[in-house]
């Protein structure tokens, strides 16, 4: 695992297909631990993982903390309501406090875009070896969610060999609030890297036309795309035109807390035009799964009966895949850091 190339995990745009394969392979192995009877591994014993969540979270925070504990790491949790932020302490100074207490990994979530990247840069400039893992920042990225969604789809399409090639040539439809979704952005990088064609569906106010070119060029700061040939991204306005031929459908929560202006006439009209139901899913054909990163607005993004139907809903499967996926990320980052420390000791001796 010493070949893992990422000191920090801040987005998925910099991931090669080999990087995705490394995460999926490990996550699949970790997912089988309860079956073998092993609940914990000593991989991160003696390491300290701090979860700095400046924004509310249920699934991401809980699964990162459980992932760290299953790898035998010590875990510290940060809560804004009981911190010194209310006294004027900066995000950087808060992070430095945890670094001073020995944190090896900071899992950072913040409502503002770019905070994990800035922390990683500032800590590195200070000579700190603590690594930063983005737990979701603003509208930018949610790497671990994109990876667990990838694992969920790969396991569905190829249960015996859930690797990136299971997505090659698949047509994945993502419906809803793309504009405000860091999950959608992470999935665009992940799915296209694995050769899937992604269809984005929603009203122009939530799915601007320029999203069709989202993965056409690497983002600023990344000199070149690590994926030689990506799947295509397209924008379709009507759900009945997007669903036929789909291999899987992901619907996204309407992020009303991020909508500064009136982008929808009503939730009822949104559900009428873009809400998923058993009837609508018949347009896809047989055995087409539905995903949702949660939390779900029942009766808005999809019907309650569809959400609760184990024959087609993979929502609980996504939750189950969260812990092993985040275990894989923590393991890879720790292995990379151990290799870097060994190299540093060797060069100084």
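Placement of Cβ uses the backbone N, Cα and C atoms for every residue, glycine included.
The following features are taken from Swiss-Prot:
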BINDING   59, 60, 109, 142, 145, 294, 295  carbamoyl phosphate binding site
BINDING   87, 182, 253  L-aspartate binding site
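Projection of Swiss-Prot feature records onto the structure.
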| residue | record | Cβ neighbours (10 Å) |
| --- | --- | --- |
| 59 | carbamoyl phosphate binding site | 16 |
| 60 | carbamoyl phosphate binding site | 24 |
| 109 | carbamoyl phosphate binding site | 24 |
| 142 | carbamoyl phosphate binding site | 25 |
| 145 | carbamoyl phosphate binding site | 27 |
| 182 | L-aspartate binding site | 23 |
| 253 | L-aspartate binding site | 18 |
| 294 | carbamoyl phosphate binding site | 16 |
| 295 | carbamoyl phosphate binding site | 9 |
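The carbamoyl phosphate site is set by 59, 60, 109, 142, 145, 294, 295; from the centre of their CB atoms, other residues of the chain with a CB within 8 Å are 57, 58, 136, 183, 293. Largest CA to CA distance in the carbamoyl phosphate binding set (59, 60, 109, 142, 145, 294, 295): 16 Å, whole number. Taking CA atoms as the reference points, residue 145 (carbamoyl phosphate binding site) and residue 182 (L-aspartate binding site) are 9 Å apart.
Separating the Cα atoms of residue 295 (carbamoyl phosphate binding site) and residue 253 (L-aspartate binding site) is a whole-number distance of 7 Å. For the recorded site, residue 109 (carbamoyl phosphate binding site), the DSSP three-state label reads strand.
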